[in-house]
Amino acid sequence: MSDVRFVCHNCEQDISNTIVISCLICKKIDLCPECFSSGVEFGTHLRSHDYSVYVCNPKPIYQKGWSVEEEMLLLEGIERKGFGNWSSIATYIGTKTQEQIEEHYLDVYLDSEKLPLPDVNHLVPKKGKGKKKRNKQLYSLYYQSKKQTSSEVVQRSNPKEETETYNKTQSTFAYIAGYMPKRNDFEVEYDNECEKITENMGFEDHGLPWELKYKVLQGYMDRVSERIRRKNFVISRELIYPNSYNLLNQKNKTKKKPKKNENKVVLKKEKEFKRKMKVFTRCFENKKDYEAVCQSLFDEQKVKLAIEKLKDWRQNGITSITEGQDFELEKKSLLNASKKRRRTSHRKRLSSKSRRKLQKNSSSPIPSSSTEVERTVLPGRQLLSEEEIKIAQQLEMIPQQYLAIKNQFLITEQVNTSTELDQNQLDKISTFYRKNSWL
């Protein structure tokens, strides 16, 4: 009926693209909906005659099967129900399914050189011509965002051994990160304020030029595409959950756990290697490829360490694994002993600071070691009592230094605080003198 023209016999209005009411009694009498509803009568035609209703299918504009009225209803439905709410828009139109509506909008409005308007230079193709090629980049971004359902994210995030689809621990981490798995969305998205540049934009005949508004919309779509790319990157690599790239936790559970401090150098190298490799996650399409490359590179590092160890063994004349293990144990014990000696030497240097200060007021040099044999032959020892010798040893003084302080006491009847002694040494001497009633 698309090639037949219809005219209302009452108002003589062209009704080829609308509803036609034909009288079954009066031949060749057609009425428009307005005249029929008002009950017009003329000639032999009466309002009580039987009738039939025809819905004319006008010639499509952009795509076959889509009339002008349906195109208008589609745009009105998007404006009222919101973009992407295809089920509600299908109910609003009434003649198309949500799959048909979504496919039509992508083909005609989004895949257009004059986005977001349809391209009037590419109307319904003539017979024999193929369908216009789609923009692969645009469709890949759209369908990649759409097909990323929450069930797929949960299935990817859980290990294969687990039977639960979404456990409480993951839910807690997702909540902290602001991620809503059932909606496959974040509370705060990347570039969360980019919609503000279009919220007050209208397409009236006055105001800013339309070309400028198109450029703004193109920039807005670029920012939304980057937001979708970043969201898919975070979700596909499970960066919402902690330790998702922890190679140490992915070892086979059947292997024996290493002993304490065993392969400590290797584990330290592995931890540092993981930290450096995180920056390359964006270079891989999925987590599996990333882990495979990381594991291969780290295995290479372990082989190099093993080769260096074998070279060390060969240089020391070791030809068997048993000898090598004994060599490593002995080497480790020597390193520990060396560290212990360095700590002891450091403590001795700290304790000798006070002796170097007191050496300025003494004619005899202070010995570097305070063994019992050396103390028995120091000059002036025979002038001290056993208690005074113990006090001098506790204060790390030679007998002559102690006698000099004692002589000052006998003259001034008080401990001379002007000497280069710390407060702890002065307190010990004062306590000893009071105990013997010398103060």
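Cβ from N, Cα, C; glycine included.
Feature annotations, courtesy of TrEMBL:
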- 3-59: domain 'ZZ-type' (DOMAIN)
- 61-113: domain 'SANT' (DOMAIN)
- 66-109: domain 'Myb-like' (DOMAIN)
- 66-113: domain 'HTH myb-type' (DOMAIN)
- 335-374: region 'Disordered' (REGION)
- 338-359: compositional bias 'Basic residues' (COMPBIAS)
- 360-370: compositional bias 'Low complexity' (COMPBIAS)
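DSSP assignment over the domain 'HTH myb-type' (66-113) gives 35 helix, 0 strand, 13 coil.
Mean pLDDT of the predicted structure over the domain 'Myb-like' (66-109): 84. With helix defined as DSSP H, G or I and strand as E or B, the domain 'ZZ-type' (3-59) counts 6 helix, 16 strand, 35 coil.
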